[in-house]
Every structure is written in structure tokens, then in C-alpha cells.
């Protein structure tokens, strides 16, 4: 009888520790994702500012941009495809770090 009670208490303690750990892990993940989302917004804003400045300059020569050599999705990372790839890679890296 006492052995069952002790075993049950140990199992309950283990469950409680697991719950606390899971809660803390979710909170850390949420905080990290929030930071990553904020960083993405900052980078998107910075990208918009740079593209607007490039357009105001009458082209891209001031930024060393060669129209003859440009291919969509290559070069200076200004295409939405390149941005999506960067965002995907950033999210995958965060997921891998969270799992480690």
C-alpha cells in the first residue's frame, strides 16, 4: 500500500516537473519567435527604405548595381523570393536551435 502511494507520488512529481518544463519551454519559444518576428519587421522596413532610396537616386548605379548583370532572385537580395528564402532559413535555424 505504501509502495503504491510512494510510486504514485513520484509519478505525480515527475508529471508536475514535466509540466513546468514544458510551460517554460513554450514561454521561451514564444519570446524567441516574438523577437524573430520583430527582427523580420525591422529588416523589411530597412529593405523598403533602401529600395526607396535607390529609386530616388534615379536608378541603382549609386549602389553598385549593374542592370545588365541582374537576374531576378539574384544579386542584392531585393527580390521577394530572396526575402522569403532568407525568412525561411531564419525560421528553420530558430526551430533547430529550439529543438537542441
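The count begins at 1 with the first shown residue.
Every residue, even glycine, has its Cβ placed from backbone N, Cα and C.
The feature region 'Disordered', as given by TrEMBL for the ranges 21-60, 61-100, sits at 61-100.
For the domain 'BZIP' (8-50), the DSSP counts in helix, strand and coil order read 43 helix, 0 strand, 0 coil.
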